[in-house]
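Q: For R67, S68, G69, N80, T84, I85, D86, K94, the entry in Swiss-Prot reads substrate binding site, with the evidence type sequence analysis.
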Amino acid sequence: MKVKIKQIYQFEGTSSLPAYSTNGSAGMDLYAAIASPMIIKPHETALVPAGIAISLPYGYEAQIRSRSGLASKFGVIVLNSPGTIDSDYRGELKIIMINLGQKDFQLTPAMRIAQMVIAKYEVISWEIVDDLDETERGEKGFGSSGLK
């Protein structure tokens, strides 16, 4: 599937287009479209531009997710992961990041900061009923299936 993309920010010496790291990658890396380094202090958030805008077909969304390396090594994640980019949004993609670590985290220009997964979704309509179909689980929730 071809998707239209607008480059809002041009990186010097490298591409700003989202890219798959390997042939088996589900997510494409997104890059920090910043001109100079920026610090995210512990327990603070930052809105980081990705330097692109996209035009997804109806019935598709882009999910913005954390990169596992940033999360495991530094405690830096996408705050609302997965963030949803709707098919009718045409503005620049911006990533809400939070530093859950204990030290300042420095973002550098063109750093890989998040990943984007394109997913198909269904548009539904509601059918109001008095009762739902029975299941073995029923209304049990919040730990009812145990830990092991």
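Backbone N, Cα and C define each Cβ position, glycine as well.
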Q: In the three-state scheme derived from DSSP, which category covers R67 (substrate binding site)?
A: coil
Q: Let me check the 10 A CB neighbour count of D86 (substrate binding site). How many other CB atoms are there?
A: 12
Q: What whole-number value in Å do you get for the largest C-alpha pair distance within R67, S68, G69, N80, T84, I85, D86, K94, the residues recorded as binding substrate?
A: 26
Q: Select one residue from R67, K94: among these binding-site residues, choose the one with the most other Cβ atoms within 10 Å of its Cβ.
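A: Answer returned by the neighbour count: R67.
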Q: Could you find out if DSSP has N80 (substrate binding site) as helix, strand or coil?
A: coil
Q: Can you count the other CB atoms that lie within 10 A of the CB of T84 (substrate binding site)?
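A: For T84 (substrate binding site), the count of other Cβ atoms within 10 Å is 12.
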